[in-house]
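Enquirer: Take this structure, written in structure tokens, and hold onto it; I'll ask about it next.
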């Protein structure tokens with residue numbers, strides 16, 4: 001049997017399954033998202049190498065441009081509120097809530113220029129995805145070796161306190177009205193991205209860090225519940241979607 005008729009039949013079967021099954025549509029869209037990540041990473045890596053010749057945080061603007069295009073494939077819209085707060089508070093530490101694989105799109109909507117990111121070391125070995133992150137100047141930490149991760153975070157904490165760098169929380173509204181892994185649906189929707197006022201760290205010491213973290217978390221949780229739909233509409237609960245960014 002020839003190859004092309006088999007491929008055409010398989011494609012038609014897949015399209016039929018997508019139309020008949022919400023779960024099939026969900027997995028198809030997730031697969032497309034993963035395919036986009038790998039394909040775009042390969043293309044963006046080439047552009048970054050041609051433009052800047054290697055690893056530099058300057059490449060992050062190129063990466064951001066590519067990632068922001070993902071929303072057009074899924075009919076997603078990002079409504080960014082108060083983006084000026086990120087320009088007013090530089091240098092700063094950006095803290096965002098973690099919900100799903102879609103977080104990256106929300107972050108790229110507001111990411112300032114020359115922003116260095118931290119990611120788990122495992123991502124470095126994801127082929128072109130790891131390569132583009134490396135070229136973008138991402139700093140990788142080994143979360144399996146807690147001593148390494150703690151050293152990195154301790155250094156960042158000491159620098160934050162020493163230089164009194166403000167914290168700028170960024171909160172994404174709940175994705176659950178259009179993206180739900182348990183119910184297996186992935187449709188179009190709108191995400192509100194709220195940039196909160198900077199939380200000053202001037203005059204603080206290491207002993208003040210726990211209280212600072214609590215203040216930041218409470219502000220993000222309150223904002224998350226405010227900008228998301230009601231819990232009855234999207235399943236959001238107190239604290240839902242407000243987890244440390246990875």
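The backbone N, Cα and C atoms fix where each Cβ goes, and this holds for glycine too.
What TrEMBL says about a protein is an automatic prediction, not a curated fact.
Copying in the features that TrEMBL gives for the protein in this structure:
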SIGNAL    1-23  signal peptide
TRANSMEM  33-50  transmembrane segment
DOMAIN    92-175  domain 'Phospholipid/glycerol acyltransferase'
TRANSMEM  123-141  transmembrane segment
Enquirer: Any residues 6+ beyond the ends of the transmembrane segment (33-50) with a Cβ under 8 Å from its own?
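Expert: Distant contacts of the transmembrane segment (33-50): 59, 62-63, 66-67, 69-70, 73-74, 101-102, 126-129, 131-132, 135-136.
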Enquirer: For the domain 'Phospholipid/glycerol acyltransferase' (92-175), report the average pLDDT of the model, please.
Expert: 81
